Every structure is written in C-alpha cells, then in structure tokens.
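Q: Dropping the structure in here first, questions after.
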C-alpha cells in the first residue's frame, strides 16, 4: 500500500442521549410511520396514495392525476427543491441530520447492530476478534435482521405502485419481485454497509450546500474562545470559565467521525449528537452548557442578530417563488375540471358513406373521471350544419377515478362537408355537476 493510500476506517458511533437525540428518534419514528403507513391507508374504498404506472394514473387522497396533469408533478418537484434551498439557508443541514432517508435508515441499522452486538466498544472488539461460533452467530443474526428490515422497506416501496393489500398476500408479479429486491438491496447496501460514506463521498448536497449558507445560517459550532486551550478541568484555574476538557466524546458520538472543534466541515450533517454529548459533560463538571451549539457565523463573532434577519435577499426570493408556485398550483387544482376528454381519430377508416348518403367519420373518445363518484356524460358534436352523432342520445357512465373509451361515429351532409378537413368540436357534458368540455377535432369530407 502506497503512502497516499489509506485503509477505510469503520466508525462506531457512541450512543448518546439528550434533547436533540430525542428529536432525532422522534423524526425516525415519524418518517417511518408515514412511509410504512401510507400504502395501507384507504380513501373512499381505494388506496389513498397509489401511483399506477401501468394506467398512467396517480391517486393521492382522492386527487386523480393523469399524464395531462404532470405539470403539477413538475411544480411539486420545484417546490421541494426551493423548499430545501430555503430551509438550508435558514437552518443549515437539519434535513440531513433529522429527515434524510440515508440518515434515518443508517440510524435504524446501527440500532439493530447495537441490539445484537452491544455498544460501540463491544462492536469494535467483536470486529477485531477472530472468527468464532459466537461471532458468526451475532454477525449472522445482525445481517438477518438488517435483511428483513430491508425487504420490508422494499415491499413497502413497491406498495406505492402496486396495491399494498395484494402484495401483503405475496400476490406479486416478476417486476414487483424485482423492484422489491432491488430497493431492499440498495437499502441494505447504502444504510447497512456504506453508511456515512454515502454522505461523505456520494451525496452531492454535501458538496454544494455551503454555497447556500450565509452569516445567519444555523450551523453547529464549537466556541473556541471559551474552549481553548483544551485540557483537563483539574488543570484549569477556578477563576476561568470552564471549557473543553478534551474528553473526545463529541468525536466518539459523531456519525461521520469528524471533530467539530476543528471548525465547520462539509462532513457535518447537523445531527447535534456532539451537542448532546458536550452538554452532558458540562453538566457533570458543573460548567454552563453551550460549548458546542447551534449558532451562526454572525453570533460567533459576538454580533447581535439583526431585527429583520429573515429579510435577506435570498430568503425573500426563495419565499416569493415558493408562495407563487404553491398559490398557482393550488388554484389550478381547485379549478380543474372534474373530467377529461381525449379524442382519437380512427385511422383505419378516414371517411365512409352511409346507406342514406351521409359522410361518416369514426372516433374514439377517452373519458377520464377524476372525481370520487360515478359520473354520467352526454355526448354531442357541433361545427358543421346538420352534423350529428349516429347515437345522439347515448349516455356514458364512468366509475370513480376510472377511464372509459367509447367508439363514436359522426355523420354530416356532403353538401356541407366538402373535400378536406373541417374543424368540429365534441361537446361532453357531465350530468352530475353540469360541467361541459368542448374538445377540438376535425371531420374529413369527401
């Protein structure tokens, strides 16, 4: 091994407790409750959140979204991106420390290890020990539990695309099985094996998040003015404010293995484990808390926070963009028609002549019911004198959040439908809420 090469160091985070650890545990519980619970939730007799890729239909708490509505998906992605930028500018990497799936699942995998193998020292000794029956049993049980949890996450992930209650009976096709194993494998690999290396080397957010920080952004920082020089508390003058006793526990609890006392580093995910550890040490030596804390660059320099710290240009721009996109998207959803219509011409037969001498074109009308009730629709056509449907009194019923394709024939007098294409409109009216949609098409004359 060359001098430039270094052997990867496995991190064994020490268990800590405190107010921020309680918050992290609560966020793990909340995020997993949402992730594992949503596919089981029913809404009006159907799965509340279901992304039906086969039928190009998304159902989210009674809101039906079809390919024509994917502008809302684009708006949602933009809102998520802007929200992350705004949150990062305000609060640094709190997303990484408390809600990021990589952090959450890594925490769960570490809990499994701790349950089977013991605390951080016990795990380190177990890894250093030669292989034995006891070590094999503990390692095997750990991997078995991690694998079971990973499979559970994979099955739940697929449950957003295939009805969860079908998957629960193991009624799955080959693609369901493939994606379950694929997602489970990546969960095990990223959270069970790579862990903090994903944050350090693979996640791009860690690299560019510094560009969104400013002097008011909330970061975890060590108070060097109070803590330096470091040393055992017994060697300090009693007249001085008690500071860092160089116990190293803040490093031992860090999930990425950094020393926060060396200043702000991109590896810091803002989880505040070091704050909890340092506060406990300060309590034991009867020193004031806050040697390591959430603060800002301006506060570190001893400057008071301005009265209008939220009125920074970047915050204002992000907030205005978010408010505008959310308002426009919500308004568009509220005004969205309760059904949609697609008109497709029958290419196999452009124009026909009926027995009574009329010209006839064939069409396929795709009616999409986006409501939660069965709807009935009447059909009509306009655009040419005397133009009509061959079945003018036809009523089409479409079940909730379903589609129905109807074959229709449109007839017109040859005197009013000369050679070429003539613009016409199909008029579809919902009999339940009296909403009418006109869909443009064309009639091919002789």
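Every residue, even glycine, has its Cβ placed from backbone N, Cα and C.
Model, not experiment: these values are computed from the prediction.
Feature table excerpt (TrEMBL):
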- 21-41: transmembrane segment (TRANSMEM)
- 70-90: transmembrane segment (TRANSMEM)
- 141-162: transmembrane segment (TRANSMEM)
- 177-194: transmembrane segment (TRANSMEM)
- 235-263: domain '4Fe-4S ferredoxin-type' (DOMAIN)
- 315-335: transmembrane segment (TRANSMEM)
Q: Quick one: find which recorded stretch in 21-41, 70-90, 141-162 has the most Cβ pairs under 8 Å with the transmembrane segment (177-194).
A: 141-162
Q: Could you name the stretch, out of 21-41, 70-90, 141-162, with the greatest number of CB pairs under 8 A to the transmembrane segment (315-335)?
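A: So the stretch in question is 70-90.
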Q: Let me spell it out: take the transmembrane segment (21-41), skip the flanking residues so only those 6+ beyond its ends count, and list any with a Cβ under 8 Å from a Cβ in it.
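A: Cβ under 8 Å, 6 or more out: 47-49, 97-99, 101, 104, 107-108, 152-153, 156, 159-160, 164-165, 271-273, 276.
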Q: Calculate the per-residue pLDDT averaged over the domain '4Fe-4S ferredoxin-type' (235-263) and state the result as an integer.
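A: PLDDT averaged over the stretch: 82.
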